[in-house]
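Colleague: I'd like to ask you about the structure that follows.
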Amino acid sequence: AAMPTVLFLWIVTLAHCALAGHVCHKPPEVPFATVDVDKRVYEVGEEITYTCDPGYSHQSGSRKYTCPLSGKWPINRMRCIRKYILHGTDTSQCMADGQWSGKLPECQRMSVTCPPPSLPEFGVISYHKLTPGNESVFQDIIRFECLPSFALFGNETATCMANGNWSDIPECRYVKCPHPTGIENGFINFEVRRTYHYMDSVDFGCQPHYVLDGPRESRCEKTGSWSIKPTCKAPCKIPVKKATVLYNGRKIKVQKDLKEGIQHAETIFFFCKNEIKKCGYTIPTQCINGQLTVPSCFKEIGIFAAIWKTDPADLTPCDP
C-alpha cells in the first residue's frame, strides 16, 4: 500500500513543480472599471471579473478572465461607456443670500441613435431588435437575409455602434452553378432544370452492390461550385475457388454463398492452420474499393479435405 501512496505524492509534487512560477501579476487596467479581486499575484486557474464604475455600462469585450498556464492575462478588450451625461454647468456657488448660483445641471441618459439601415440590394431584414419607439439605439442588432438565388457575403448582422453608425452592411450576390455531373458507377436523383442556383441540391445513388462513400447530397455553394460529391466504392470478389470463411458471425462456403463477393468496407475471416499445434485460427481481411487480399497463411483445401478433416475451419480453435 506504500507504493501507490509514494507514487501519488510524487505525481502531486511534479504537478506542483510544473506550475511553480506560473502565476499572473496584476491584470491590465480598464478605464472606468474595477476588478472584483484586487491582488498582486493570481494563481493559475483563478478567475477575475471586471465591473464598470457607477454611471458607466459595459459596452464590449468579456468581463471575466482566467489566469492561464502561461502566466499572461489574455488581451483585454472590455470597454465601459458613460450611461449619463451632464447638461449644464458643472459648478455652483453658495451665494450670500443662501441660494446656489445659476441653474442646477441635469444628468441625462446618454442616447446614441442610428439612422434607418441601408438594405443590401436583393436583401431583406429578417430580424430587428428595437427598443421602444421607431429609432434604433446603441447596440441594437439587425439580421440580413438574401432573396432566393442570392448568397450573402459579409456579416449577416449589423450593430448600431457608439458613433451613431451601423457596422458594415453585407452584400447579396446572384450565384449560379454549372449543371451537375454524375459519379462513376452511380447516378443522380434531381429535378431537371436549366439552371441551378445557390442552395439548390442534388442527391446521388450507386449501382447495385456498390457502396456510397461520402455525403449523399451535393449543394450549390456561394462560390458557384458544387460541394464535394460522394463516390461509389466497388465490391470485392473472393479470389479463391473453394474456402470456408467466417462472414457476419457465420461459417459459410465462398463457392456457394459468396459468389457475388462482399461489399466495400465489409470484412471476412479466413481460416488458417497452425502446423505445430494442429489447430485452427482466423485472419481478417477487408474489402477496400474492389481490392481484397487473401492472407498468406490460407491454403485452398483439396477434394479430400472433408474426408480427412484437413480443412482449418474444422480444426479445434487455437488457444487465444
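Here the Cβ of each residue, glycine as well, is placed from N, Cα and C on the backbone.
Unlike curated records, TrEMBL annotations are generated automatically.
Sharing the record's features from TrEMBL:
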type: SIGNAL; residues: 1-20; note: signal peptide
type: DOMAIN; residues: 22-82; note: domain 'Sushi'
type: DISULFID; residues: Cys24-Cys67; note: disulfide bond
type: DOMAIN; residues: 112-174; note: domain 'Sushi'
type: DOMAIN; residues: 175-234; note: domain 'Sushi'
type: DISULFID; residues: Cys177-Cys220; note: disulfide bond
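Show me how these features fit into the shown structure, please.
Modeller: The average per-residue pLDDT of the prediction over the domain 'Sushi' (22-82) is 86, rounded to a whole number.
Take the CB of Cys67 (disulfide bond) and look out to 10 A: across all protein chains shown you find 22 other CB atoms.
In the three-state DSSP classification, Cys220 (disulfide bond) falls within a strand.
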Colleague: Indicate whether Cys177 (disulfide bond) is helix, strand or coil by DSSP.
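Modeller: Assignment for Cys177 (disulfide bond) reads strand.
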Colleague: At the level of the C-alpha atoms, what whole-angstrom distance separates Cys177 (disulfide bond) and Cys67 (disulfide bond)?
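Modeller: Between the Cα atoms of Cys177 (disulfide bond) and Cys67 (disulfide bond), the distance comes to 49 Å.
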